Amino acid sequence: MSQTPLAHPGQPVHSTSLENFFPGYFALVMATGIVSIGLFLWHYAWLAGLFLGMNVLFYIGLWVILIMRIVRYPVIVWNDLHHSARGVTFLTLVAGNNVLGSQIAIITGRMDVALVLWVAGFILWGLILYTFFLVNILKEPKPTLEQSINGAWLLIVVATESVAVLGAIIANSSAYHWLIAFISLCSYMIGGMFYFVLIGLILYRWLFFSMKAETLTPPYWINMGAVAIITLAGSRLVMYADAHEVLSQWSGFVKAFTMFFWAFASWWIPLLFLMFAYRHFIARVPLKYDPQYWSMVFPLGMYGVCTFTYASITGFTFLKPISALFVILALVTWIIVFIGLFIDLFSAGKKQG
């Protein structure tokens with residue numbers, strides 16, 4: 001049976017063929033969407049709109065590719081879902097869907113479209129997450145912790161929190177705002193609980209197993225991105241709670257935890273940059289295109305957006321320059337990775353030609 005390459009820590013992903021297409025490619029939608037939102041918050045509406053147009057095309061195109069792959073290679077797709085490191089990347093479908101919904105709601109104000117995407121994202125979240133857990137709980141033999149766990153597992157947190165973020169944004173536009181807000185609050189708490197569990201496993205792997213430079217792959221940036229999106233979800237829920245009695249009793253609790261999560265997200269940043277510098281400038285692991293680099297762009301943009309929103313609800317306006325810095329950094333990184341994508345596609349086309 002043909003097997004797709006495994007996406008365990010330290011192994012690059014190549015996805016120029018339909019058969020081996022990387023299921024985590026919806027991270028492109030996540031990255032593009034969060035950069036767009038950051039640009040809009042800093043009043044670059046025309047550029048944010050351009051990124052929105054591109055993101056709609058990316059979203060549709062990736063769904064077409066995924067459906068074609070499911071039709072032509074159903075066994076390989078099912079094997080991907082069973083794989084403990086690769087299967088979790090299917091959750092980029094959920095996060096990408098909900099980031100696009102947030103992008104549409106914030107930039108265009110089309111809450112009706114965003115509501116449809118939220119419902120679709122919530123259904124996808126349930127289908128993919130429970131399927132992933134079920135097949136990995138029941139499968140035998142199980143891989144070792146060293147073989148399976150990596151930063152991509154935190155997509156469980158990101159996908160769950162993306163439901164909370166989009167729900168908090170659209171709640172006011174629905175007659176059932178209280179229900180959407182309740183689901184969003186539950187998602188916020190579930191995602192936070194998952195983060196505590198998973199980050200413990202990841203740190204255990206880092207501290208007590210061999211970590212070569214090659215294994216410090218871009219998905220580890222989700223260590224920070226996951227806690228940044230928890231911060232954004234909490235900030236959005238506080239915004240909603242301030243206007244509605246239904247969540248007002250939870251506002252103080254959520255605000256306190258949101259500061260805790262923002263501080264933890266900030267703590268990660270120096271360590272991640274040091275690891276990036278060690279990997280590429282000391283250990284000299286080549287800097288070449290890998291679709292997993294979109295998992296680096298998204299956390300940078302998410303930190304910029306969550307810091308802006310957190311500063312808005314707390315009045316800590318001195319944090320906003322940090323937001324601007326990370327939005328710019330995310331934009332520059334997005335451009336670099338996008339150029340790498342074009343070069344990769346051009347090289348693949350020349351080889352096939």
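Each residue, glycine too, has its Cβ placed from N, Cα and C.
Where the annotation comes from TrEMBL, it is an automatic prediction and has not been curated.
These features come from TrEMBL:
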TRANSMEM  21-42  transmembrane segment
TRANSMEM  48-67  transmembrane segment
TRANSMEM  88-109  transmembrane segment
TRANSMEM  115-138  transmembrane segment
TRANSMEM  150-170  transmembrane segment
TRANSMEM  176-208  transmembrane segment
TRANSMEM  220-239  transmembrane segment
TRANSMEM  259-281  transmembrane segment
TRANSMEM  293-313  transmembrane segment
TRANSMEM  325-346  transmembrane segment
Using a threshold of three or more Cβ pairs below 8 Å, and leaving out pairs closer than 6 in sequence, do the transmembrane segment (293-313) and the transmembrane segment (88-109) count as in contact? no
I'd like to know if the transmembrane segment (293-313) touches the transmembrane segment (21-42) in this structure, counting it as a touch only when three or more C-beta pairs sit under 8 Å and are separated by 6 or more positions. yes
Checking distant contacts: for the transmembrane segment (293-313), what same-chain residues at least six beyond its ends satisfy Cβ-Cβ under 8 A? 24-25, 27-28, 30-31, 34-35, 37-38, 41-42, 151-152, 218-219, 221-222, 224-226, 228-229, 231-232, 235-236, 238-239, 242, 255, 258-259, 262, 265-266, 269, 319-320, 322-327, 329-331, 333-334, 337, 340
Spatial neighbours of the transmembrane segment (48-67) not adjacent in sequence (6+ beyond its ends, CB under 8 Å) are 18, 21, 23, 25-26, 28-29, 32-33, 35-37, 39-40, 93, 96-97, 100, 103-104, 107-108
